[in-house]
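Right, one structure below, let's go through it.
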Amino acid sequence: MAKEHYERTKPHVNIGTIGHVDHGKTTLTAAITKVLAEKGLAEASDYASIDAAPEERERGITINTAHVEYETEKRHYAHIDAPGHADYVKNMITGAAQMDGAILVVAATDGPMPQTREHILLARQVGVEYIVVFLNKCDLVDDDELLDLVEMEVRDLLSEYDFPGDDIPVIRGSALKALEGDKDAEAQIMELMDTVDEYIPTPQRPTDKPFLMPVEDVFTITGRGTVASGRIDRGTVKVGDEVEIVGLKDDVVKTTVTGVEMFRKTLDEGEAGDNIGALLRGVDRTQVERGQVLAKPGSIQTHKKFKGEVYVLTKDEGGRHTPFFSNYRPQFYFHTTDVTGVIELPEGVEMVMPGDNVTFTVELIAPVAIEKGLKFTVREGGRTVGAGVVSEIDD
């Protein structure tokens, strides 16, 4: 039995470094890998290799992101670090790099700066709930009172965006000194990682969440009934489970799954990530369509009005060449389908330029199964002009 090999020994968590430019995010990432590598838990990545992040394309948007992985005694981590500010914005909004928690890097020499604020706001909007603060470059500040002051400022800023500013752990250190092999600084990095282990909870596995499957295709099997197929987004489904067909219509259809198939073979249980066909009892072909979802009863509702945090593609990324204004009517691509919606810009925002990120309100012309944290693209005549995430449900 060669099954042992696949056992996950440690829980897996995705984290990333966020914070203002030149405050030391990449240096810290390098320092973490170096300090853990000395304990045999990682491969050291140097600053240059992390900084030369490869380009990736996520939903048509070009993003530079460095991925490093390492382990602590307790966990396995995938850590993302993006070189430029624009890369962070795109990363967080598209969910190209899903973060369970973040390390906010603030230089003690500067204190919170504009991008510190922006990254905290983005974390709040896209649903990163846990932040640990690393106060960097503390070796360059002689005065402890000054450090206390900077720490207070950071805590106040976090509280302003509804994070528990008073309770968030703040670790003081110097990433550069740790990279240079200073023992005290290395101990600070270990303290940081112990804190991340303790403070950022292990995320719920996708299979433990309530069942949800966006419907991609519908067909009829003569004598057996209607099959809805798609990729299971979360949770599990098996024969005998009750599910609801939700979206695009005001009425929710309740049904029971009478068969689950994958690659034309029957399956005991489909789980998150599987592409399956679900045979639905007593459902007419006309009652289910692409763009709806199959879901555990009561777990998701339809909405027409929401706020979204959106990155607007530049001309070079294939986006619009011109700005848009309130009452702009593009399509919003949720799950597997486009629905037209009307945009209302926030007060004080006259127009949105390609390359901007913005929070706006959308009113859809049909109800869609949406929830906070759901990703979508904004499209115009079939081409992507923006990428977003639902930050609030408004109806």
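A Cβ is built for glycine as well, from the same backbone N, Cα and C atoms used for every other residue.
Quantities reported herein were computed from a predicted structural model and do not represent experimental measurements.
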* Asked: When Swiss-Prot marks a stretch as region 'G2', which of 60-64, 65-69, 225-229 is it?
  -> 60-64
* Asked: If you check Swiss-Prot, which stretch out of 136-139, 208-211, 232-235, 304-307 is marked region 'G4'?
  -> 136-139
* Other CB atoms, at most 10 A from the CB of Gly19 (GTP binding site) -> 26
* Residues of the parent chain within Cβ reach of the region 'G2' (60-64), under 8 Å, 6 or more residues beyond its termini -> 53-54, 82-84, 87, 90-91, 94, 96, 311, 313, 317-318, 377, 384, 387
* What's the most sparsely packed of the binding-site residues Lys25, His85, counting other C-beta atoms within 10 A? -> His85
* Across all chains shown, how many C-beta atoms besides its own are within 10 angstroms of the C-beta of Ala82 (GTP binding site)? -> 24
